[in-house]
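Here is what Swiss-Prot says about this protein:
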BINDING   LYS19, ARG33, TYR45, TYR129  substrate binding site
BINDING   ASP55, ASP60, ASP92  Mg(2+) 1 binding site
BINDING   ASP60  Mg(2+) 2 binding site
Amino acid sequence: MDKFLIDVIVEIPKNSKIKYEYDRQTGQIRVDRILFGSESYPQNYGFIKNTLDWDGDELDCFIFADQPFLPATVVPTRIVGALEMIDDGEIDTKLLGVIDCDPRYKEINQISDLPKHRIEEILIFLKTYKLLQKKTVIIKGLKDVCWAKKEYEICLQLMKDYGHLSKDQFIQKMQILHPEHYQK
């Protein structure tokens, strides 16, 4: 399979405790909250423009890199897999990628090429970062690049078909049309 390259727009820099979130209505990145606990984001975290995931937000992506990037920075990213999870009852996919313009990452093309410890950092972060908010996050599993690409294509289509809806309208409609993606 050819490399799966996409541009990811950074919302949250590596090591930040600030939860920024892209606001599709205004096109701005807003401070959503400060993380409730002692955790910080283990890698850069962003979204893929023109996609819509089942949670009503753009498709998310962790970007493995040695440096933190400022919010709104576009990072060329090579997708190496995905993480399927349920966040507060909604499917919330996280693509996993590496910075594509850093030679230190040129040999990483799939999740198994990454140090296991780095993957564990993300898994532990996602399992614990909402505990003090009394919200549940369930990790369903790691997925390969082919799965990630299919999910990306689904999210592109969801944006084309339903991007005009508000987040609440989208979720209400999808809970009826695709209840398998929701546990509420």
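Here the Cβ of each residue, glycine as well, is placed from N, Cα and C on the backbone.
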Which listed residue (TYR45, TYR129) has most other Cβ within 10 Å, given these are binding-site residues: TYR45
Close binding-site residues near ASP60 (Mg(2+) 1 binding site), where close means Cα within 10 Å, chosen from ARG33, TYR45, TYR129: TYR45
Pairwise CA distance, TYR129 (substrate binding site) versus ASP55 (Mg(2+) 1 binding site), rounded so that it is a whole Å: 18
Inter-residue C-alpha distance, LYS19 (substrate binding site) and ASP92 (Mg(2+) 1 binding site) (nearest angstrom): 16
Environment of ASP55, ASP60, ASP92, the listed Mg(2+) 1 site - residues of the same chain whose CB lies within 8 A of the CB centroid: ASP53, TRP54, ASP57, LEU59, MET85, ASP87, GLU90, ILE91, THR93, LYS94
Sparsest-packed among the binding-site residues, when each Cβ's other Cβ atoms within 10 Å are tallied, from LYS19, ARG33: ARG33
Cβ neighbour count (within 10 Å, all chains shown) around ASP55 (Mg(2+) 1 binding site): 22
Listed in sequence order, residues with CB under 8 A of ASP92 (Mg(2+) 1 binding site) and six or more positions away: ASP53, TRP54, ASP55, ASP60, MET85, ILE86
Cβ-Cβ neighbours of ASP60 (Mg(2+) 1 binding site) (radius 10 Å): 24
Secondary structure at TYR45 (substrate binding site), reduced by DSSP to three states: strand
Largest CA-to-CA spread of substrate binders LYS19, ARG33, TYR45, TYR129, angstrom: 15
